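Okay, so here's the structure we're looking at.
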Ligand SMILES: C[S@@+](CC[C@H](N)C(=O)[O-])C[C@H]1O[C@@H](n2cnc3c(N)ncnc32)[C@H](O)[C@@H]1O
């Protein structure tokens with residue numbers, strides 16, 4: 001071989017090696033899913049890490065990876081049910097790589113119309129071969145092609161025969177959650193709540209920093225950055241945005257002109273009844289969404305002390321304070337279960353937005369529904385009561401305690417409030433005047449609000465306003 005030919009062959013080998021080591025979007029999505037599903041890491045943290053580490057991805061690649069990872073997680077129970085029906089080897093017995101490759105590929109077959117079935121099958125076979133599973137590529141191909149040729153309606157459980165199994169498989173939600181919700185809400189409401197998980201999530205809800213710009217001004221600024229903007233569903237300080245690559249890349253975000261927050265959480269600032277010079281303590285405050293809103297509503301006066309339990313969480317709050325430019329807010333590391341003598345009778349308002357089961361936000365964080373259990377939920381009820389029994393002492397006489405969670409189970413919500421008012425000198429107080437007139441909710445007068453996904457155009461969220469007796 002001539003020197004020229006040898007050099008040419010070396011170059012070709014190098015290129016093919018390079019091609020083999022470069023990960024394409026499907027492979028990146030699959031590796032992320034394996035980390036989440038086999039190692040139990042948080043989906044949003046890992047997905048953000050994948051997207052941040054891969055600088056060369058296009059905007060389309062990013063949204064494809066996001067949709068594949070989030071969609072496969074959201075539909076996991078449904079996907080496993082179908083795979084079990086079509087494969088001789090049950091999903092649980094498969095090798096982790098093959099199990100997750102099949103889940104992700106089936107998600108594309110069933111829920112991503114724009115990807116042709118043949119491309120899904122071919123790409124899956126290529127991926128199996130590339131990662132050393134050549135002997136199993138025929139199995140992968142066979143299962144996927146069989147499913148692609150059939151209709152899953154033939155195998156899904158019947159709604160008439162067994163409602164709970166049907167709801168669990170159809171809406172990919174563990175049975176214990178469905179049984180729990182059916183004890184509290186009627187069948188149609190439960191169906192609405194379950195189906196809300198899968199609603200189009202192309203919009204991100206943001207809260208305007210009114211200390212820097214009005215909603216109208218911010219909308220104009222965002223539009224000049226090529227971002228699509230529509231009004232929020234209930235509140236004038238809320239906007240919904242889409243068609244942006246990443247949040248960090250939006251100039252208006254870097255400048256602190258807005259923060260990301262669901263409208264349900266914005267209600268906390270409104271019902272708290274914040275007045276000039278108030279001293280506010282947010283006892284479980286990271287990353288700072290509600291506390292930042294409170295600081296803004298104080299109009300540069302007063303002080304919001306925002307606490308959380310770890311250095312990492314406190315750093316998140318600090319980062320947000322810096323970005324939004326508030327001087328009447330600070331972040332402090334403090335465990336809310338431990339009494340802080342110096343805070344006794346010091347706060348006009350205590351915000352207790354406590355750790356909870358998070359079942360109101362499973363549409364945004366699908367791994368919650370698979371990781372939460374009834375036992376864990378009962379431990380959370382105990383933690384919520386432990387925290388409430390400490391932090392109520394920080395409220396001045398006549399002051400306010402706001403209790404909130406992003407869940408929809410009465411035992412973490414209204415039942416906790418009933419337990420609290422039976423044991424401490426607080427009573428529920430009306431929030432009717434704090435909310436928009438058109439906002440539908442029968443319990444406004446009684447002093448609490450239970451928002452339900454699919455019923456309200458928000459996350460599932462609970463809040464109660466409690467006044468300390470004089
Ligand atoms: C629902 S999140 C708070 C969200 C926050 N209020 C906001 O609006 O951005 C609950 C927080 O409670 C914190 N937490 C859990 N246990 C705690 C404890 N013992 N003391 C203080 N914070 C705690 C968690 O780290 C978490 O950040």
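Placed from the backbone N, Cα and C atoms, the Cβ positions cover glycine too.
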Can you say which of 1-21, 22-42 is given as region 'Disordered' in TrEMBL? 1-21
Helix, strand or coil at residue 308 (S-adenosyl-L-methionine binding site) [DSSP, three-state]: strand
Looking only at the domain 'SAM-dependent MTase RsmB/NOP-type' (194-469), mean pLDDT returns 95
Please report how many Å separate the Cα atom of residue 335 (S-adenosyl-L-methionine binding site) from that of residue 406 (active site, nucleophile), as a whole number. 20
